[in-house]
Amino acid sequence: MSQLFVCTVEELPDGGARKVEYTPDIALFHYDGEFFAVDDRCSHGNASISEGYLEDNATVECPLHTASFCLRTGKALCLPATDPLKTYPVVVKDGNIYITVSEEQ
C-alpha cells in the first residue's frame with residue numbers, strides 16, 4: 001500500500017469534489033469535515049462520480065442516471081445501480097490529503 005498525495009485541505013472546501021487521475025480514476029469528496037474516496041466511475045454507467053451531486057448523510061448522486069451511493073461504504077443506495085463503488089482510505093496529515101492505494105492497481 002502507498003499513499004497518493006492529492007491536495008491540501010485548503011484546496012478542497014467542504015462540499016467539494018475532485019477527480020484524481022489514477023488507474024482507475026478516484027473521486028475525492030469533502031463532506032462535513034470528513035474526506036471520502038471512491039472509484040470515479042459509476043458502477044451502473046460510464047459517468048464520473050466526481051461530477052455528481054453531494055447529498056446529505058455523505059451520499060453522492062450519479063450525474064447520469066441518478067443512482068446514489070454511500071461515500072462511507074460505497075454501497076449503491078438506489079436503482080439503477082446495484083453494485084457498490086470501491087472505497088479508498090483517506091489520510092489527512094499536516095494539512096495534506098492522501099489516498100491509500102494498492103501498489104498493484
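The backbone N, Cα and C atoms fix where each Cβ goes, glycine too.
Residues or ranges marked as domain 'Rieske' by Swiss-Prot: 4-99. On the 0 to 100 pLDDT scale, the domain 'Rieske' (4-99) averages 97 in the predicted structure.
Neighbour list (His65 ([2Fe-2S] cluster binding site), Cβ cut-off 8 Å, at least 6 residues apart, same chain): Cys42, His44, Gly45, Ala47, Pro80, Ala81. If you look up Swiss-Prot, you'll see Cys42, His44, Cys62, His65 marked as [2Fe-2S] cluster binding site, on the strength of sequence analysis.
Secondary structure at His44 ([2Fe-2S] cluster binding site), taken from DSSP and collapsed to helix, strand or coil, is coil. In this view, Cys42 ([2Fe-2S] cluster binding site) is surrounded by 25 other Cβ atoms within 10 Å of its Cβ, with every protein chain counted.
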